[in-house]
Every structure is written in structure tokens, then in C-alpha cells.
């Protein structure tokens, strides 16, 4: 049985020590809670347990740390480019060059190739001289470079609140604060004016075919918020150049049924190709997209991606063959363009490792030239002999 304290001084000392100890414990408990709250701002205060529960507190701290995006600690901060074209630009220009993705030109090539396909198929169809085909191609490349930059800037404006949460996009100019939304919007206006300046170099009919594509450019970033198939919207956008080559070389689509059929089949083929390569591209962000709520065909069909890719490849090659058939081209096109498309797409689908970001990027970047270059090469090989024959025939008649 405990005896009451009879020594007054001793009782006072014990009571004082107990009070100090209790106050000290409360102080350190509050201090640790505040430190944890600052380290993990996403955690609610109620989730932080008292310090005296040592094991539980350690677990809570680990959970709080895991709530912070992993790329915040493992990815480096922004560094200005040290190599490449944009490294030679003034520092104040670099964010705008990055907005246009001048350091990543693969997207420009993908936008340019449908224009090139249409131009070369129209050249095989109508057999114009080589010079107008060459100058038309240069104008299309200039337009693709400018309009791809405008599209990327618009995309970054729409995604300015999402990009900071995705590892690959967190250092984009708007996301990192190097360019304000107002300046980006102003820059978009200048790019669209430059694109219009290129467009008016073509015959007037091209203006009517080109302007509607701006609606698709502006709405694509919204598609990935409402549907798992934004790649189809991107395909409709990036493939629009398939309509442009024929009128650019003087072929009236509204008056020529065969040309219209060829263009329609070519456009659909390019849409299938766009969905295919962008599905591979989407696999680079698939984990972050799932976390922040961005939808993509890669998320919707993650387990059967290669089957979907194979189906898209078959559709693309089949529609490409239909375009050539409608245009009345010869066997060089079917062997060169359709054959190379089938071979390169088959190789890519077989070899791509969808769970490796670097491998997906390699195939996306190089697929533009492997498949696009093969198709264009077959079309060029089909056109050049026809051009020479027409040139000789014109010379003999004169």
C-alpha cells in the first residue's frame, strides 16, 4: 500500500517535476506535429498521431512522404539547353522555342507527312512539273512547323494546371512559370498569323480547306478530359494536311470524284497512323495520367495495346492502298509505300517495349521517318517517272 507524502518540500519537488515533464511532452508533441505538417502538406492534421505512439507515428510519416509525387525528389530541376538548335538562342527566347517544341521536332514531322503524302499522291495523279511540287512541299513544311508550335502552345495553356503533376511535362515553360499564360496566348496569336501568311501562298481554294482545322487544334486538349479516345481527335487534327495537297497542285476535289475518293481514303489512313503512334506515345505518361485524371486510349486498352496497334496498322495500310487505287497509281506505289508501311509498322509493334519510357520515345521519334519516309519514298518513286514522261511528251509536241 502506497504511503502519503509527509515531506512537504519533497512533495512540491515531485509535483513541479511532473508538471514540467508533462509540459515538455506536450511541447515536443506539438513541435513534431507541426514539422510533419510542413513536410507533408497534403495530410490532414487528424492523420498525425501523437509522438508517444512511436511505431504508428513512423508509419504515418512514411505514408505522408509517399503522398508527395516521387518525381519531385528524383528528377532534376530545369536546366537551359546546352546542345541543339535552341541552345544558340538568347535566354529570353528559349522558353518560347520550347513552347513550340523546336527541341523535339518529331511532332512537326508527323504533322508534315500527311501534307507530303497528299502532295506526292496528287503529283502522281496529275503529273505536274517538279518545281511546283518542290515549292509546295517547302510551304507545307513551313506551315507544319508553325502550326505545330501553335498547337503545342494551346495545349500547354489548357494543361497548365495538369503539367506540373506529370513527370515528363512538369518543366514545360508555362508549368515552371517561365512564360505567363497571357504571354503564351499572345505568342499563339503571332504563330497563327504566321501560319495564315503561309496559307495564303497556296491557291485560294486551300484557304477554305485549311481554316476548319483550327477548330480541331483548339479542342484537342479538351478531348483528353472527357474521353478515353483523344488520340482520334488528334488524328483528325494532324491528318488534315491530307486534304491540302490536291488543291495546292490545282486539282479541284469538288469537281473530281476520283481525287476526292483518294483524299478521303488517305485522310482516314493518316488518322489511323496518328492514333497508332500516339498510343505508343501515351504509354510514356500512363502512370501519371491515371493519377491526375487524364484519359487516353493507352489507359483504356492497356492490357491489349499491341492487339489494338496491330488492328490500326492493318486499317492504315488498307486505306493507303485504297487511296492509291482511287488515284490510279501503279505497282511502284503499292510495293514501295504500302509495303514499307506494313513492314515498318509490323517491326515497331513487335519490338516496342511499352513499359519502358525511353523505348516508347525511341519508336515514336524514329517511327516518323521509318514509316512516313517509306510511304513518301514510294510515292516519289511513283511520281518521278510519270513527270519525266510528261516532260518528254510536252517537249515533243512543242
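Even glycines carry a Cβ here, placed using N, Cα and C.
Automated prediction, rather than curation, is the source of TrEMBL annotations.
From a predicted model like this one, the values you see are computed outputs, not experimental measurements.
Residue ranges 172-191, 232-251 are listed, and TrEMBL annotates 232-251 among them as transmembrane segment. Within its own chain, the transmembrane segment (257-277) is flanked in space by residues 110, 113-114, 117-118, 121-122, 125, 231-232, 234-236, 238-243, 246, 251, 297, 309, 312-313, 315-320, 322-324, 326-328, 345, 364, 367-368, 371, which lie at least six positions past its ends and keep a Cβ under 8 Å from the stretch. Using a Cβ-Cβ cut-off under 8 Å and counting only residues 6 or more beyond its ends in the same chain, the transmembrane segment (332-350) has close neighbours at 124, 276, 280, 306, 309-310, 313, 316-317, 320-321, 324, 363, 367, 370-371, 374-379, 381-382, 385.
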